[in-house]
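Listed features, source TrEMBL:
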- Glu673: active site, proton acceptor (ACT_SITE)
- Glu673: active site (ACT_SITE)
- Gln88, Phe89, Ile90, Asp142: (6R)-10-formyltetrahydrofolate binding site (BINDING)
- 571-573, 597-600, 630-635, 650-651, Lys757, 804-806: NADP(+) binding site (BINDING)
- 318-395: domain 'Carrier' (DOMAIN)
- Asp142: site 'Essential for catalytic activity' (SITE)
Amino acid sequence: MKIAVIGQSLFGQEVYCRLREEGHEVVGVFTVPDKDGKADPLGLQAEQDGVPVFKFTRWRAKGRALPDVVAQYQALGAELNVLPFCSQFIPMEVISAPRHGSIIYHPSLLPRHRGASAINWTLIHGDKKGGFTIFWADDGLDTGDLLLQKECEVLPDDTVSSLYNRFLFPEGVKGMVQAVKLIAEGKAPRLPQPEDGATYEGIQRKETARIDWDQPAEAIHNWIRGNDKVPGAWTEACGQKLTFFNSTLNTAGLEPEGEDLPIPGAHRPGVVTKAGLILFGNDGRMLLVKNIQLEDGKMIPAARFFRRAESSTLELTEEELGTAEAVRDAWKRILPSVPEVDESTDFFKSGAASVDVVRLVEEVKELCDGLELENEDVYMATTFGDFIQLLVRRLRGDDKEAECAIAYVEKAVNKLTLRMPHQLFIGGAFVDAEGGKTYETINPTDGSVLCQVSLAQVSDVDKAVAAAKDAFENGLWGKISARDRGRLLYRLAELMEQHQEELATIEALDAGAVYTLALKTHVGMSVQTFRYFAGWCDKIQGSTIPINQARPNRNLSMTRREPVGVCGIIIPWNYPLMMLSWKTAACLAAGNTVVVKPAQVTPLTALKFAELTLKAGIPKGVVNVLPGSGSLVGQRLSDHPDVRKIGFTGSTEVGKHIMRSCALSNVKKVSLELGGKSPLLIFADCDLGKAVQMGMSSVFFNKGENCIAAGRLFVEDSIHDQFVQRVVEEVGKMKIGNPLDRDTDHGPQNHLAHLKKLLEYCRRGVEEGATLVCGGKQVPRPGFFFEPTVFTDVQDHMFIAREESFGPVMIISRFADGDVDAVLTRANATEFGLASGVFTRDINKALYVSDKLEAGTVFVNTYNKTDVAAPFGGFKQSGFGKDLGEAALNEYLRVKTVTFEY
């Protein structure tokens with residue numbers, strides 16, 4: 001079909017391109033004249049394709065069509081006029097000329113919101129449904145017969161831009177192409193528009209966009225978002241006109257605490273907070289505005305309204321000056337009508353439009369090694385000088401405000417000066433807990449107080465979840481590509497490695513970890529975990545599935561693997577940083593945001609980790625860290641309706657409680673790594689030297705505070721006595737001492753309550769008749785030191801045979817020579833199934849035993865050999881779900897099936 005395209009903009013360009021792809025002949029394009037030397041995208045594309053382009057300044061004069069204009073149009077012989085977006089008045093002599101007439105795109109569900117500001121009014125009226133109409137043009141204003149309509153849900157925080165970009169643009173292009181196809185096939189309907197429900201609203205202009213404060217918060221929010229970005233809802237305050245952008249009613253967890261901003265006519269003063277500007281409706285409800293445009297046109301974060309004069313000007317290096325000149329050239333290319341770009345040149349006052357914002361962002365990306373700016377950044381820094389300052393700060397990775405906001409506890413130890421954050425980390429800032437509540441964290445080496453740590457309250461959890469939800473739904477994290485997400489995680493891993501000595505020292509002070517072990521395992525494996533999952537970010541993909549065809553049509557089904565949203569991660573005290581990394585790395589790689597609750601007794605590496613996420617450039621709100629009690633913080637995370645996943649490592653008892661809370665609240669996704677009583681079977685045909693060495697490690701590694709520690713060793717009768725003798729000899733060689741000493745083998749237990757539990761555990765073992773070969777007592781020195789302990793003659797019914805010690809206590813039982821099935825029965829006679837092990841030189845026996853052991857991990861002729869690429873998790877009451885490996889990603893993803901018919 002021969003088509004004349006009449007209109008402008010990127011939308012018009014896309015419709016034009018798609019019509020040509022469908023095989024239609026575009027005989028001419030009619031668009032607006034060049035502005036400031038720049039051609040409209042539609043006209044530019046058509047000129048490149050060799051299609052005739054006409055740029056009439058007007059089509060009629062004094063209400064009558066211009067004959068020469070109409071003649072040029074009629075000479076093309078168009079069979080259909082397509083008006084995707086047109087700001088000019090087209091005379092009926094043109095509208096009615098083609099054989100098929102003219103069709104027009106309108107961004108509302110007609111007859112509602114006739115007029116040029118339809119999208120604005122859809123939002124201003126708070127419509128729950130929006131959409132577009134393609135109608136047959138007539139001599140009325142948007143009153144022609146309907147051809148096609150499509151609708152969508154209007155989200156609570158949609159703006160003109162978001163609604164347009166999400167639905168009205170992409171689906172509108174498809175709709176226009178579909179409409180032309182229907183016309184070509186003779187199937188296009190002509191449905192008279194009903195007058196029922198018809199509305200007409202005028203064009204929104206700056207002078208009519210003033211905010212009326214005498215209405216509810218939702219109505220004010222709708223007014224602001226309905227005028228965002230053009231013309232901008234405004235009010236007068238502080239002696240100038242302020243225009244508000246990026247409004248939300250999502251104020252969960254926000255408190256109106258900050259500096260008052262008096263607004264004439266408002267129900268009460270606004271409040272400038274760290275989150276933005278809180279405003280109030282006449283119903284007392286709050287809304288939050290994130291950006292403010294000042295009267296001089298400069299856009300600033302609302303949170304900086306009273307601090308906008310504080311930023312100092314950066315002095316640029318030679319290299320940065322070179323970058324500035326390259327960016328200046330880009331501005332000249334985009335703004336050809338500007339003779340010279342200087343520091344005060346304003347991007348928008350020089351004629352730039354929204355399409356130029358996209359172009360500038362892309363130019364910067366090419367010039368600055370892939371640096372990703374947001375469109376919003378251009379609106380925030382409209383003059384060239386401000387833009388360069390913003391750009392250089394991003395290139396340097398500077399976040400000086402965030403650094404200045406950290407109140408460190410400093411300690412000179414281990415030839416280092418430790419700088420340890422000790423406040424809650426919420427929304428990218430370190431803040432005090434509600435009511436300023438704190439608690440003491442203790443050094444287990446000597447029982448001294450390391451520092452006061454903020455103690456999170458329920459309201460703090462709500463704030464952190466709100467920050468994580470906002471970061472997930474509205475922030476940069478969900479907009480960047482998966483590959484860029486991986487790049488940020490790689491950067492975080494690099495920073496963790498650069499700070500490994502500091503992190504390992506904090507683990508030694510706060511958790512009693514032996515420094516050399518902390519360096520290799522606590523921190524080393526944490527770095528490896530983030531590197532591993534950073535590599536997975538751009539490899540998370542779905543599949544296409546052959547399904548039955550709905551003949552004569554065809555079908556295609558595909559799956560998408562999507563992040564679940566806000567995740568709560570509750571970690572234990574034995575490996576504070578490593579357990580955080582095992583769960584958080586997979587969670588972030590999948591694209592989620594997270595609220596981490598470290599163990600109350602070991603919060604400091606989690607808070608240092610939070611600081612490193614800032615340095616890595618992880619967007620604010622993506623990671624939040626809340627030290628506090630499990631009964632308060634962990635419970636609220638499990639109950640919170642906006643948390644979609646809980647990952648927990650801890651006791652079986654608490655795991656069951658969490659599972660119940662997750663079910664009753666909102667049926668959260670859950671993964672649990674719980675208690676263990678891992679059996680280790682040592683057969684007489686093993687390499688005894690290796691079995692002794694690995695048996696020692698299976699129990700005493702990390703002071704026995706190890707979830708997969710061998711809770712019970714079954715030793716074949718013929719080598720039992722020799723094995724015990726050699727173990728006792730090795731225990732006697734272990735050096736107990738300060739975990740920071742490089743020759744220390746065995747440091748203090750994590751905290752006093754755990755030390756007391758171990759003393760009671762050993763007392764019960766002796767009481768029930770087990771033989772205490774060595775240990776079983778507290779070491780007579782300051783701190784929470786416990787002797788490495790060995791029990792023999794342990795019978796299956798005894799308490800120490802059934803329950804986990806979670807400490808340096810080796811439980812040894814005999815089994816009869818050659819009786820493989822009997823010892824397997826005993827090994828599996830437990831409700832736990834986290835790990836297990838077998839030592840034998842017989843490969844058939846090793847395979848048979850590994851097949852029969854009921855545990856999520858089986859070690860053969862080794863122990864504690866975990867790796868970031870190998871999935872880890874338990875069976876039975878040791879929990880379900882996996883950490884590490886590709887399998888861990890599934891815990892933080894949901895699968896969506898999408899089925900097409902064509």
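In case you wondered, yes, glycine gets a Cβ from its N, Cα and C as well.
Automatic, uncurated: that is what TrEMBL annotation is.
Sequence features, as recorded in TrEMBL, placed on the structure.
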residue: Gln88; record: (6R)-10-formyltetrahydrofolate binding site; Cβ contacts under 8 Å, 6 or more apart: Ile6, Val32, Phe56, Arg58, Trp59
residue: Ile90; record: (6R)-10-formyltetrahydrofolate binding site; Cβ contacts under 8 Å, 6 or more apart: Ile6, Trp59, Asn81, Leu83, Ser102, Ala137
residue: Asp142; record: (6R)-10-formyltetrahydrofolate binding site; Cβ contacts under 8 Å, 6 or more apart: Ile104, His106, Leu110, Pro111, Arg114, Gly115, Phe135, Tyr200
residue: Ile571; record: NADP(+) binding site; Cβ contacts under 8 Å, 6 or more apart: Met579, Leu580, Lys583, Val596, Lys597, Pro598, Ala599, Ala606, Thr649
residue: Gln600; record: NADP(+) binding site; Cβ contacts under 8 Å, 6 or more apart: Tyr439, Pro627, Gly628, Ser629, Gly630
residue: Gln635; record: NADP(+) binding site; Cβ contacts under 8 Å, 6 or more apart: Ser661
residue: Glu673; record: active site, proton acceptor; Cβ contacts under 8 Å, 6 or more apart: Phe648, Thr649, Gly650, Cys707, Leu834, Phe872, Gly873, Gly874, Ser878, Gly879, Gly881, Asp883
residue: Lys757; record: NADP(+) binding site; Cβ contacts under 8 Å, 6 or more apart: Gly807
residue: Phe806; record: NADP(+) binding site; Cβ contacts under 8 Å, 6 or more apart: Asn574, Gly704, Glu705, Asn706, Ala709, His754
Predicted model, mean pLDDT over the domain 'Carrier' (318-395): 86
(6R)-10-formyltetrahydrofolate site shell beyond Gln88, Phe89, Ile90, Asp142, criterion: Cβ within 8 Å of Cβ centroid: Leu83, Cys86, Ser87
Cβ neighbour count (within 10 Å, all chains shown) around Leu632 (NADP(+) binding site): 18
Sparsest-packed of the listed binding-site residues (Phe89, Lys597) - C-beta count within 10 angstroms: Phe89
Distance in Å spanning the most remote Cα pair of Gln88, Phe89, Ile90, Asp142, given for (6R)-10-formyltetrahydrofolate: 14
Secondary structure content of the domain 'Carrier' (318-395), with strand meaning DSSP E or B: 49 helix, 2 strand, 27 coil
Distance [Cα-Cα, Å, rounded] between Phe89 ((6R)-10-formyltetrahydrofolate binding site) and Leu632 (NADP(+) binding site): 64
